[in-house]
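First up is the structure itself, then whatever we jot down about it.
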């Protein structure tokens, strides 16, 4: 551990030579000795110390004299507890390098100092446990319309056996989803947002946002569905007493609007009142269940028998055990589609995750317990109602007959009732097959009341996903509804939006029309929750560590697939609509690309895919047909040389690797902090410019060693650069000769590492750092700024600054790309212009190829090159042979070259050899007379080529020419730079000097 230096200790507090450490006892026992030991143990210090009872260092460690701190919750939490001191873990620099004064001062801050005059914290919001917050809420949502209005009818159609199968199939999906919810909700601290929060933080904002929006809408429609179910029950009660309000349809609308208004008022009263109301409704449901069980045991009255209820009978159970399909919905999957909406309430607890005391415990425990108990209740009610009620009954007490009467058909005949006539005509109004409210035969008023709690839960659930969604700002125009009020941040505006949507669907007043709309939206949520769990598991991310272990990734995948299948089995057109809406919302978020980082499994999956494919490349043998120009671009800070970035980005986009390299020269400690500060900003700049590239930097003692490191270490596996792209050193004549030596040495090193080279020169230069008024990287152009201490570049400013436009971002029109393929380098000089010509901005340019030749063999040489180019299938058809390439240049141009190298000459013609050697060792960049004479032909060729370029390519859009090579150790750096200067001077278009590594990058073979 890092000990605190004695010099720093004396500065922090008055030295007294002793420090005191409290014994390790709990808070409750802190007032008395522990295990018979005194309260404190005193230690002698060998140097002055400040570690006393009041010392922060004493408080933050177990008594060891160190800046290090023991593990604590606050070091990992994103939020700060009001009124408590903010605990900060010391940085690596504090432990390894030097202790910052600000850190030391921050340790001894008094938590009470900052609270004085501050705002009074709001009251503690209401939090719920797993019973009241999750289990009861889920059970109320699962029980409701289907249980009281459709389960008996489904039992009559499918029989008890197949009804149980339908229930168990539905429960299988919900149970798997419940396990997935439990795993996701225990993988970290869950905040408010419910289903949206779980999916978005697991799969990312694209799918999370779309599901959050449609799930919120589905909940709003669910309010209408359950309210309409409740209104149907109340209407039937009114009709039985012959007291209709208007007519059957309008009665549902009136009752529904009144009911949802009352429920809105309960929700507006706050979460605490809403929770109390839910407990009340839960008690009502429990009483209704008890009444139902008792009612099935009590002998049936004559009126109930007329409606088909005979209490428990073995023969009734046997008859209802097998199916009896009737009507257009009389199929297994038809009934399954009607029943499944009853299982869509398992997310009710997760939807209020922000209001739970401990969501990681409450959601799994409450959800799974709710699924278990509601499943038992559905199975029990299906079996008991199937054992008590016959399928057909007239409801008329006049249909009673003596037992054993002739002409009577059906099971009811054995109990003294003749329902034969209505059964044959299919005109019976009662019985399991005809009367939806069979359960109301036992205390109907309580049965009616039990359909209302689900409306309340749905009304409350809808508001929280949009509120979290609004705060994330994934979609426009919904932020208005996310504003919270009160200590619980109640989304009043969200409640009102829910109310309006619910009323709109209540006016439809038809339960069978509303139900298919919501089922598919809920199933989409189920599918994505299960897929989230599977995806997070399959990516093997270290961050996937759910404390709930009882789940299976393959079961989650099965749950996702079966949910999608059920969507189409329920209502295929509703499934298509739901998927279409999700795709639209997904596309919108993908287009907007919100700047959020939630550590989703999609990010982990992307890493896995990249890793697997990168490793898989090791097994792929290289072939010329698959050659790609993978470029290491020496940009320095990329925004300083945008033309270089745009040029390479144009032909590598969606094709090959591009790495922007930056060498930071200076002390490692200083430059590493600069690297951490600016790297993200440079990446954002590239992203904003739509350049698909990586950025990397290295700290080195000099430019050449830094570039060597980049060339050897950049890339991954076989995705390594094979071309070095570098800007032309425009100030080589005025720069320090050693900098020029480094520059030419980089080119030699590139060839030693088997790199190709692209050297770019533009008339106006490449470095635009002066225009940006930013701190420049000295190693690339030290003449422009020699300040020792430049200001740090703000990463956010890098992305906010104006992006400089370059020629490579504009439409080139019908200009020409002129290629001077003077020497065979393996084809790289041809390949790069070909790739550039495939892009839209350069697509209209005509490509011309110039080659050297002899005047008496022009036709033969032209035909040979045309034939070779046609075999390469590059589409270059205009070929020019330059017969005058070896002509002597104009005298004034020769003189200009001589004047260019004059300041760098040794002028050693009449000097002693020892003196010359000493001069060469001190100034290796100097040019001897012998080297001038030996290189005279090559020098004159560069002068002549410049004349040809000015004659033929003055108005070209781009010039690509073979880069001359200076032999290492034989060609001084100043002479080589003079060649490059002479070759490319006075040219208006950009000049790309290219040289491959003398290995083929083009082939005309198919294998």
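Backbone N, Cα and C atoms are what each Cβ position is placed from, and that goes for glycine too.
Curation does not apply to TrEMBL; its annotations are automatic.
As annotated in TrEMBL, transmembrane segment covers the listed stretch 517-538 rather than the other ranges in 451-472, 517-538, 539-560.
Annotated range for transmembrane segment in TrEMBL, selecting from 90-109, 110-129, 130-149, 310-329: 130-149. TrEMBL lists transmembrane segment for one of the ranges 52-71, 232-251, 252-271, 392-411, namely 252-271.
Between the transmembrane segment (572-591) and the transmembrane segment (277-298), the number of CB pairs under 8 angstroms, six or more residues apart, is fewer than three, so the stretches are not in contact.
Just going by CB pairs under 8 A, the stretch in 207-231, 252-271, 277-298 that sits most against the transmembrane segment (492-511) is 207-231.
Counting Cβ pairs closer than 8 Å and at least 6 residues apart in sequence, the transmembrane segment (332-350) and the transmembrane segment (252-271) reach fewer than three and form no contact. Among 130-149, 161-187, 277-298, 517-538, 130-149 has the largest number of CB pairs under 8 A with the transmembrane segment (370-390). Helix first, then strand, then coil: DSSP counts for the domain 'SLC12A transporter C-terminal' (641-775) stand at 63 helix, 28 strand, 44 coil. With a threshold of 8 Å between CB atoms, the same-chain residues lying at least 6 positions outside the transmembrane segment (517-538) that come near it are 173-174, 176-177, 179-181, 183-184, 187, 195, 198-199, 202-203, 207, 211, 214-215, 217-218, 221-222, 225, 337, 340-341, 344, 347, 505, 544, 551, 553-554, 556-561, 563-564, 566-567, 570-571, 574-575, 577-579, 582, 601-602, 604-605. For the domain 'Amino acid permease/ SLC12A' (133-632), the model's average pLDDT works out to 81. The transmembrane segment (277-298) makes contact with the transmembrane segment (130-149): 3 or more of their CB pairs lie within 8 A, with pairs spaced 6 or more apart in sequence.
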